[in-house]
Amino acid sequence: MTTVSSAARVSAAGAGFLDKEHTIATAGFNRWLVPPAALCIHLCIGMAYGFSVFWLPLSRAIGLTAPKACPDISLVQELFTTTCDWRVASLGWMYTLFFVLLGVSAAIWGGWLEKVGPRKAGFVAALCWAGGLVIGALGVYTHQLWLMWLGSGVIGGVGLGLGYISPVSTLVKWFPDRRGMATGMAIMGFGGGAMIGAPLADRLMNYFKTPTSVGVWETFLVMGAIYFVFMMIGAFRYRLPPSGWQPDGWTPPSKTNAMISTKNVHLDNAHKTPQFWLIWWVLCLNVSAGIGVIGMASPMLQEIFAGKLIGLPNVGFNALDASQKAQIAAIAAGFAGLLSLFNIGGRFFWASLSDKIGRKNTYYTFFVLGIVLYALAPTFAAMGSKLLFVLGFGIILSMYGGGFATVPAYLADMFGTQFVGAIHGRLLTAWSTAGIIGPVVVNYLREFQLAAGVPRDQLYNTTMYILCGMLIAGFICNYLIKPVDPKWHMSDAEVAKLQAATATGGNGATGSFGIGKGGLDGRAALFWLFVGIPLAWGIYMTLLSAVKIL
């Protein structure tokens, strides 16, 4: 223990505060301080899921009370126009940029993260995400769609990618005794960001709204400042365990079935196996079916149920006046937040359950149950049952989030733990692809149906059946996943040599190094309270809105 601690101190002495060497934990550190640090970042960048709350206000940024539409304007012209309001489908492209850039940046800079550590990655993520919102605010203020895409979409998307992957491998290293729980904790905050951000954004827009402004650019600035502070706190609180660290009394599990490998596959070979691409498609199709719905959650609820949301069952969306539309917009913001509640809960629940029933069976559950619920969604809408509609999509979104939380463990089962972080980063290109497929299917099919004169409460029926088809394809891909061919496995000598060359602050020894299993001591309790208060507020606001929906 003394040797490891001394080596860590010597290494850190020559490193900058943001460098990896400065983040190595020493004796007495409590590992339960790391999850709230991850939540500080993920609860902020998770607002990407709640951006649909901005679409309708932005679609009337010039007209104010109603969109100032220019039916013949092209997408290229929309990027620069200052006289026509933006179409909702065009705004949805920024949502696509979020997740395309998230996957691309995670794949490109995943290796850089492993070299520099989570603190520097979290720092850069905060600059990109908060800075992107500021640039996006300028785009809204000047009514330049390209500038909003560049700021919130591109720069913010890079922040999403770096912020998303920064805590995943860190928490897996801190909780080897609870792998499923760790992957759930690592990214459950990302699913809960909109639960806080969507109702907060709605309140801020109403506060800043004037006769000449819908209040969006002001909201971007305020939320950017809040997110910057929280993300910096999270980044500075990251710590890494010493090389070889293990919790007291924990013994690495032995191989229990053919679908869990005790061997490792090298990063350079993982993508050469059929298992990588089958899991890639499993993730892509599961995400595609959910991500488009998330991006249109707020408009979808408003258009399908319209006056039913405020006790006017026979009043369609177009017949509502401005004040009534404002009322249902607030309720729909709660729907986006409620989906986040299911999203965040599903990440922890399904990932933990996968430890018991296996990753493959967990994904089978996602696909079978998802197919049934998407097929029934038009029926729920036709019945006018808000309860069944909301509950159905809540379960769907829990499985959407569960897919993200389960896939790192799926990869570890297939390829071992040595390169799982980097392999996971590359697999997130499936998310990027889904970020294009899902919103394009939902957004542009909506525009096509609208132009064809389909009633607003039936705009999404065909879309639901298409999403069923995606899940059927995902089920087939999951069925085809088998154990990796042994020819791709690294030898024990290769793994030992690699670990010796990349160890930080250690000499190959294993043990607790004075860092036990930890617990909820005073410092940990305060830090959990720090992230728990806004989370509790988000849950409270979400439940209040849920009551209005039902």
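Each position is counted from 1, following the chain as shown.
Using the three backbone atoms N, Cα and C, a Cβ is placed for every residue, glycine included.
Database features (TrEMBL):
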type: TRANSMEM; residues: 37-58; note: transmembrane segment
type: DOMAIN; residues: 43-486; note: domain 'Major facilitator superfamily (MFS) profile'
type: TRANSMEM; residues: 88-109; note: transmembrane segment
type: TRANSMEM; residues: 121-141; note: transmembrane segment
type: TRANSMEM; residues: 147-168; note: transmembrane segment
type: TRANSMEM; residues: 180-200; note: transmembrane segment
type: TRANSMEM; residues: 220-238; note: transmembrane segment
type: TRANSMEM; residues: 276-297; note: transmembrane segment
type: TRANSMEM; residues: 362-381; note: transmembrane segment
type: TRANSMEM; residues: 387-411; note: transmembrane segment
type: TRANSMEM; residues: 423-442; note: transmembrane segment
type: TRANSMEM; residues: 462-481; note: transmembrane segment
type: TRANSMEM; residues: 525-547; note: transmembrane segment
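Across 220-238, 387-411, 423-442, the stretch most heavily in contact with the transmembrane segment (362-381), judged by Cβ pairs under 8 Å, is 387-411. Beyond the ends of the transmembrane segment (121-141), by six or more residues, the same chain brings 18, 41, 44-45, 58, 61, 109, 112-113, 147-163, 165-167, 216-218, 220-221, 223-225, 227-228, 231-232, 234-236, 238 to within a C-beta distance below 8 angstroms of the stretch. Between the transmembrane segment (276-297) and the stretches 220-238, 387-411, 423-442, 525-547, Cβ pairs under 8 Å are most numerous for 423-442.
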